[in-house]
Amino acid sequence: MEVFLVIILLIAIADLSSSVFIITSLTIDGFQKKSVSPLNQILISLNVSNVSFTIVMSVYLATNSIWSYLYRVGFVFPFISYVTVCTITSSAWLTAALCFFYFTKIAPPWPGLLMKIKSKINVLTWRLILLVETVSLSVSFLSLAASGPHPNEKNSTAIEVETLENKMKKIKISNVVLVLNFLPFTLIIIMTVTSAWFLRVYDHQMKTNGTLVNTNVKDYQSAVHTMMGLLVLYLITILAIVLMALETFVDYSVGSWICLMILLLFPTGQSTLLIYSNPKLKQNLREQFNLLSCRA
């Protein structure tokens with residue numbers, strides 16, 4: 001039990017450190033420039049969502065290991081389910097918003113709606129974030145219906161019923177997560193594939209014309225690689241959620257531990273991708289390491 005709690009604590013520290021680093025770095029940069037760029041607005045919102053997810057999951061796993069009786073209180077488990085689904089959904093939609101932002105920058109200037117969106121994306125970003133958060137807070141109420149009340153009886157028959165009900169709740173909540181994240185996940189796939197195709201067209205045009213790779217194309221390449229990395233990360237995480245909900249692996253087996261670690265390390269994985277793809281964040285991270293090395 002102690003080892004399990006130590007692992008949760010270490011992962012939570014890694015998750016919070018990476019997310020808080022991004023939030024702090026981009027916020028300070030915004031104060032220095034007296035404005036926060038649309039891209040940084042999305043990144044800050046995304047990492048705030050990841051911080052919430054880390055706190056909720058860590059508290060849930062730690063307290064459930066020590067004081068499992070707390071989750072027999074009628075409102076506790078539904079509340080935890082709601083917050084968990086809300087943070088996962090918020091993160092998925094914000095990632096879709098990030099991919100959409102990259103897509104608008106990479107897509108050619110076609111006339112019509114896309115052209116209008118491209119010209120106003122910097123102004124529309126904060127409204128898009130507000131819409132995403134409103135949708136996440138609203139649709140996550142479906143998790144309350146899936147979680148339902150927790151039985152309080154203590155006899156053997158009730159325990160068997162409770163075990164079955166808990167399994168059904170996990171499956172139902174997993175279904176809610178999949179349903180709520182199906183659309184943003186699909187949008188991420190479409191925008192990633194389309195952006196990669198646009199990038200290939202740009203590359204082919206430059207080779208045909210004999211021109212050198214310019215800064216914009218390098219930025220596009222970085223953006224597409226980030227989108228692909230996020231897509232793979234979400235695919236692995238969703239698979240882990242499904243396997244855990246279906247109880248594919250026996251508790252405390254290697255498979256169950258791997259699924260749990262994937263879920264818990266999701267914020268760190270996402271933050272790592274975002275830092276790697278952002279020159280400003282990489283520079284700040286190097287400066288922090290250099291500062292720590294000098295102090296050591």
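Using N, Cα and C of the backbone, Cβ positions are placed for all residues, glycine too.
Please treat TrEMBL annotations as automatic predictions, because they have not gone through curation.
Feature list (source: TrEMBL):
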- 6-31: transmembrane segment (TRANSMEM)
- 43-63: transmembrane segment (TRANSMEM)
- 75-103: transmembrane segment (TRANSMEM)
- 124-146: transmembrane segment (TRANSMEM)
- 176-202: transmembrane segment (TRANSMEM)
- 223-246: transmembrane segment (TRANSMEM)
- 252-276: transmembrane segment (TRANSMEM)
Folded-back contacts onto the transmembrane segment (43-63), same chain, C-beta under 8 angstroms, at least six residues removed: 5, 8-9, 11-12, 15-16, 19-20, 22-23, 26-27, 36, 70, 80, 83-84, 87-88, 90-91, 94-95, 98, 129, 132-133, 263-264, 266-267, 270-271, 274, 278
Residues from the same chain, set at least six apart from the ends of the transmembrane segment (223-246), whose C-beta lies under 8 A from its own: 92, 95, 98-99, 102, 105-106, 170-171, 173-175, 177-178, 181, 185, 188-189, 191-192, 195-196, 199, 255-256, 258-260, 262-263, 266, 269-270, 273-274, 276-277
Surrounding residues of the transmembrane segment (6-31) on its own chain - C-beta under 8 Å, 6+ positions past either end: 37, 40, 43-44, 47-48, 50-51, 54-55, 58, 61-62, 261, 264-265, 267-268, 271-272, 274-275, 280-281, 284-285, 288
